[in-house]
Amino acid sequence: MKTVIKNGTVYQNGRLIHADVLIEDQKIKVIGTNLTGDKEFDATGKLVAPGLVDVHVHYREPGQTYKEDIRTGSEAAARGGFTTVGAMPNVTPVPNTPELMEKMVKKNQEKGIVHIFQYGPITNDETTDIIPDYAALKKAGAFALSNDGHGVQTAQTMYLAMQKAKANNLIIATHAQDDSLFNHGIVNEGKKAEELNLPPVTELAETTQIARDLLLAQKTGVHYHICHVSTKTSVELVRMAKARGINVTCEVAPHHILLTDDDIPKDNGYYKMNPPLRNKEDQAALLVGLLDGTIDLIATDHAPHAKKEKQGGMKGAAFGITGSETAFSTLYTKFVKKDKVFTLEQLLSWLSDKPAEAFGLKDAGVLEPGKNADIAIFDIEHEATIEEKDYKSKGVNTPFTGQKVYGETVMTMVNGKVVYQRGTK
């Protein structure tokens, strides 16, 4: 059967064009005008984009399915326009053997409604210094390695991990955090931490580990990816490293460019995340880093929790906020439509082709004939309100609920199949 998406504004090869998209046999066949098919979707006034790519999500299965599971997490991704995601390995048990990795990959395929690529751990349970068999994990389906949620605390362990990752052509994606400097902190060091009388988080907890790892990456030649950079100094370190030819990429999370610690209204668990919200100077540096190419891509760090784990003050709350369902609309509304900091083409690139390119996901993030028909359609002309009742995720832990936005997802397709359509259950 031939399906045509008609009359849309199509993002292709870095440009926006007025075109139709013809889909057949799960693939994009033609992008052109005056196309016809057996089934047609009218996308007049809508944005037709490649399915977005999010290389940083937490789906909590197995082990904590009361927070999220593969099905609900992937449904949330689809509702946000994401068709390809990278799932972090901080589940129970951690997929640190080929048997566990194979089981995880199979579960992702059976339960997920989007393409789910699975990370393996850098170290066995993400906190020890024991390095698993990377070759076996890769053979079993691991596409990259991460201890996200934990920094690798010893330089020797990271050095060995990088050597082994390089030998197996695997990316090391790190949560840069020196625990001795993090020191059970909650809010970014500064006025807000003092005002709320909460333990501060120094930027050094992030930046010292990035500096260490960049030297190790230079020595080993590994592809070193930094998750959720959040400080001005982090951006400066990456900029210098790229100038020296170090094989480094990095991501920024939407909340770190949309919000600062000044936006925390009170001691509210919904604003507790790791890294924490930083100051305005850091926020400005992150935006400059995106615009000049120092920061390669945007990734949500979708981290769902049960309501009871985020209610009340920050001290007792879990770290993390959701992001899959709010990322595109909040970023588009603030930075493209209102403040005009980015172009729409730039935003789409950071959410589609750039992450796919960074992680070598060859079929993802582009609209081209012959590629998988992974497509997201957004309504960028009409305002909508982000409402808790609409979330597909089990987690509702986001400060963006109630915001009025443009860019709501109308439809998401994976391999030509509609996996989300606005207004349907």
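FYI, residue positions are counted from 1 along the chain as it appears here.
Glycine is treated like the rest: Cβ placed from N, Cα and C.
For the substrate site that Swiss-Prot gives as H58, Y59, R60, N274, H305, F319, G320, the extra residue drawn from N34, N90, N96, N247 is N90. According to Swiss-Prot, H56, H58, D148 bind Zn(2+) 1; the candidate from D296, D301, D339, D353 that the record adds to this site is D301. Cβ crowding, taken as the number of other Cβ atoms within 10 Å, peaks at H305 among the binding-site residues H228, H305. Taking the Cβ of N90 (substrate binding site) as centre and 10 Å as the limit, one finds 22 other Cβ atoms among all the protein chains shown. Using Cα positions, the member of the binding-site residues Y59, R60, D148 nearest to H228 (Zn(2+) 2 binding site) is identified as D148. The record gives D148, H175, H228 for Zn(2+) 2. Within 8 Å of the mean position of their Cβ atoms, the other Cβ atoms in that chain belong to H56, M88, S146, G149, A173, T174, A176, Q177, C227, N274, D301. Applying an 8 A CB threshold to same-chain residues 6+ apart, the list for H58 (Zn(2+) 1 binding site) reads E68, G73, A87, M88, N90, D148, D301, H302, A303, P304, G320.
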